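Quick look at what TrEMBL annotates:
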- 25-48: transmembrane segment (TRANSMEM)
- 41-290: domain 'G-protein coupled receptors family 1 profile' (DOMAIN)
- 60-82: transmembrane segment (TRANSMEM)
- 102-120: transmembrane segment (TRANSMEM)
- 140-162: transmembrane segment (TRANSMEM)
- 197-221: transmembrane segment (TRANSMEM)
- 242-261: transmembrane segment (TRANSMEM)
- 273-292: transmembrane segment (TRANSMEM)
Amino acid sequence: MEGSNTTLSSIFILRGLSNVQYLKIILFLIFLVMYMITLSGNALLIIVVRINPNLQTPMYFFLSHLSFIDICFSSTIVPRILVNTLAKDRSISLLGCAAQMYFSLALGATECVILAVMAYDRFAAICKPLHYSIIMSKKLCTSLAAGAWTVCFANSAIHVVLTFQLPYCRSHQVNHFFCEMPPFFRLACKDTLFNEIAMYISAGIIAMCSFCLTLTSYIHIISTILQIRSSYGRRKAFSTCASHLTVVAFYYGTIMFMYLRPRSTYSPETDKAVSILYTTVTPMLNPIIYSMRNKDVKGTIKKKISQM
């Protein structure tokens, strides 16, 4: 069988993070704890938004979407990391790899867009407070969320098809802990310039446009905040978007570093480190950041705990 010279009917081997036995156990425990925190933290945030009538606002509507994305994003990648960390057989089928790549790309891009929409929501709340309810209507919020999911999942399908049309005749051992595009480009025995250009264009449109929208929103937000005379008013206005700004800086920085840097600078170990940040660390930190800096969320949690 000529399976070593084709992509079809083949398997890939994910080399993972380490082959040192004691490091495997440590990594397994770390990722397991992070995954449990991610699931519980994001699920709790979604429940809190659902049960508190005061949180039925556009900001928390998008925050619920963000938490759901984080749960799905982490669940697409971390279970496979846990299995591969301890298992001797690190193989993954073509279909399994394609599915993992599809959902990770789609969910990662959707998170970019949702973060940008949340920045626009903060712009409307701070810069146009009298028209906020009109600007951020329920219909618009639903349309923005649906558009983000649809566009990003369609975009992901294109990249997965292009990636797995490449011939992988060099090796099927992927020097990564999950199926991501850049490591696959290095395995192909065909020039991947077209795939890389498509990746740059896609990342440029989604990540950079989302980033520019976020940046523009925050320029107006900061300008408006600086015009507030009282220091208390400035702090209160800024506190409503500080959590979001923290998440945006961390997430966009890692995504753009991964998908928009020149091909000559690719490094397997650097790729792994950066990928860990936006696939496992960020989904875990998001609910913590939003909960710790939000009185309504903390108040709802405390109230429910006291009633138990």
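For all residues, glycine too, the Cβ spot is worked out from N, Cα and C.
Nobody curates TrEMBL annotations by hand; they come from automatic prediction.
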When the pLDDT values for the domain 'G-protein coupled receptors family 1 profile' (41-290) are averaged, what is the result?
86
So are the transmembrane segment (140-162) and the transmembrane segment (60-82) touching or not, going by 3+ C-beta pairs under 8 A with a sequence gap of 6 or more?
yes
State the non-local partners of the transmembrane segment (242-261) in its own chain: residues 6+ outside its ends, Cβ under 8 Å from one of its Cβ atoms.
108, 111-112, 115, 118-119, 122, 182, 199-200, 203-204, 207-208, 210-211, 214, 218, 271, 274-275, 277-278, 282, 285-286, 289-290, 293-294
Sequence gap of 6 or more, Cβ distance under 8 Å, 3 or more pairs: do the transmembrane segment (25-48) and the transmembrane segment (197-221) meet that?
no
Applying the under-8 angstroms CB criterion, which one of 60-82, 102-120, 197-221 scores highest with the transmembrane segment (273-292)?
60-82
